[in-house]
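Asks: Copying in the features that TrEMBL gives for the protein in this structure:
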ACT_SITE  Glu168  active site, proton donor
ACT_SITE  Glu355  active site, nucleophile
BINDING   Gln22, His123, Asn167, Tyr297, Trp401, Glu408, Trp409  substrate binding site
Amino acid sequence: MPLTRDQFPPQFRWGSATSSYQIEGAAHEDGKGLSIWDTFTRQPGTVKNADHGDVACDHYHRWESDLDLMQDLGLDSYRFSVSWPRVLPWGTGKVNAKGLAFYDRLVDGLLARDMTPFVTLYHWDLPQALQDRGGWVNRDTAFRFAEYAEVLARQLGDRVGHWITHNEPFCTAIMGHQEGVHAPGIRDTHAALQTLHHVYLSHGLAVPVLREQSRTDTQVGITLSLHPVYPASDAPEDLQAAHRHDGFRNRWYLDPLFGQGYPQDTWESYGPLVPHVQPEDLGIIAAPLDFLGVNYYFRETVKHAPGQGHFDLEEVHVQGVKRTHFDWEVYPEGLTDLLTRVYEDYQPARLLITENGSTFDDSALDEKLMDHDRQQFFEAHLRECLKVLERGIPLEGYFAWSLLDNFEWAEGYDKRFGMVHVDFETQERRLKYSGRWFRDFLRVPVP
Ligand code: IFM
């Protein structure tokens with residue numbers, strides 16, 4: 001059966017998602033301060049081809065035509081992030097009026113085009129000035145984040161009704177502070193767990209601030225990257241390994257937000273590396289959410305492996321399956337499994353898919369940019385969204401990652417996720433087949 005828009009509820013949101021460092025460029029313009037990514041990308045060997053986000057998609061200058069592109073695609077919502085050091089160059093204190101004005105224009109531009117802004121406060125570009133004071137390992141950063149939230153809400157809160165405090169705290173903590181593959185490039189598990197705790201504290205402190213300073217119907221949420229975890233076999237030790245891995249990947253992030261504290265089994269596995277938690281913290285972190293944003297890309301399959309890491313397991317590279325340019329398994333069914341489980345276990349008031357998308361090697365595409373693999377990826381995942389809705393789960397929207405090819409962190413410009421192809425020499429934008437398919441899909445008149 002063909003997939004059509006009218007199979008979805010009329011109020012279902014259709015958006016695309018981006019983030020500041022990945023698209024804005026203008027790294028040193030109009031008073032912007034340095035972020036940890038400005039610093040990290042200058043360290044040899046951190047990013048493929050020594051790429052950086054100084055120009056990226058030049059969205060800071062091309063935002064109007066980029067909004068026109070979204071409007072032409074028929075999208076009704078746009079999820080973008082604010083660069084903290086563009087607004088507060090030192091992370092705290094004096095506001096950079098020119099930086100804030102950029103987001104003012106962006107929000108007004110969206111509203112003028114009948115698109116709803118979803119504003120993420122933190123998508124990994126911490127002000128370097130705060131990193132110099134210890135970054136997220138320093139508890140004080142959580143309080144600086146709440147100040148930053150207040151600055152944004154006071155300026156934009158009359159027009160912004162959807163706030164996302166953090167994008168993918170797993171990546172901030174684990175990729176940035178345990179694996180060291182993202183800024184600030186630290187390799188220390190305790191620092192990673194302390195980081196996550198402070199990120200969560202900052203979230204809990206910001207939620208009431210955003211609500212108080214914004215319009216009365218404001219909704220506040222957070223976005224997590226979650227992965228359904230499957231055992232490599234039915235053997236009891238693999239089932240237990242899957243449960244442990246789920247603690248590391250999912251429950252460590254979900255449980256505290258939903259008032260359950262850190263999961264006991266995972267806490268014990270970390271042993272002496274666990275974060276320092278002050279008595280009031282867990283209550284602050286569990287501030288009620290209006291929605292949970294879920295970023296879904298792939299599943300993980302694990303088997304028991306004594307002595308491997310903190311959790312005695314290893315990931316299994318499933319054979320004979322389709323994979324993206326990142327080598328991530330294409331597994332659309334995982335989306336339904338994941339959202340069903342999250343809803344059953346945590347009952348979030350609303351769910352949004354705040355990112356879903358794929359990178360495939362576009363280098364061989366001809367003039368018509370026929371990226372069939374990416375289109376099939378979107379379509380297969382949208383079909384799963386229908387299954388989720390049939391189960392009565394309050395899924396309210398889908399944001400495709402991403403509008404534009406952009407700076408893919410440690411991979412630089414090598415991995416392309418866009419529905420729109422970007423020529424990084426000329427900044428020319430061209431709709432790929434996946435974008436044209438999305439546009440045609442969205443054009444079906446809503447009843
Ligand atoms: O590009 C990233 C994004 O910044 C966060 N979520 C995953 C995407 C693809 O890797």
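The backbone N, Cα and C atoms fix where each Cβ goes, and this holds for glycine too.
These numbers come from a predicted model, not from an experiment.
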Asks: Would you mind sorting out which of His123, Tyr297, Trp401, Glu408 (the binding-site residues) have a C-alpha within 10 A of the one on Glu355 (active site, nucleophile)?
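Replies: Those close enough are Tyr297, Trp401.
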Asks: Return the residues near Trp401 (substrate binding site) by Cβ distance under 8 Å, restricted to its own chain and a separation of at least 6 in sequence.
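Replies: Listed in sequence order, they are Ser16, Ala17, Asn295, Glu355, Asn356, Gly357, Phe417.
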Asks: Can you tell which of the binding-site residues Gln22, His123, Trp409 lies nearest to Glu168 (active site, proton donor) in space, using Cα positions?
Replies: His123
Asks: Cβ-Cβ under 8 Å from Glu408 (substrate binding site), same chain, 6 or more residues apart: which ones?
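Replies: Set apart from Glu408 (substrate binding site) by at least 6 residues yet with Cβ under 8 Å, we have Gln22, Thr359, Asp414, Lys415, Arg416, Phe417.
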Asks: Provide the three-state secondary structure of Trp409 (substrate binding site) computed with DSSP.
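Replies: DSSP assigns Trp409 (substrate binding site) to helix.
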Asks: Taking Gln22, His123, Asn167, Tyr297, Trp401, Glu408, Trp409 as the record's substrate-binding set, what's the max Cα pairwise distance in Å, rounded to a whole number?
Replies: 18
Asks: Through the lens of DSSP with three states only, how would you label the residue listed as 'active site, proton donor'?
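Replies: The residue in question, the residue listed as 'active site, proton donor', is coil (DSSP, three-state).
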Asks: Identify all same-chain residues not among Gln22, His123, Asn167, Tyr297, Trp401, Glu408, Trp409 whose C-beta atom falls within 8 angstroms of the centroid of the substrate site's C-beta atoms; report them in sequence order.
Replies: Ser19, Glu168, Glu355, Ser402, Asn406, Phe417
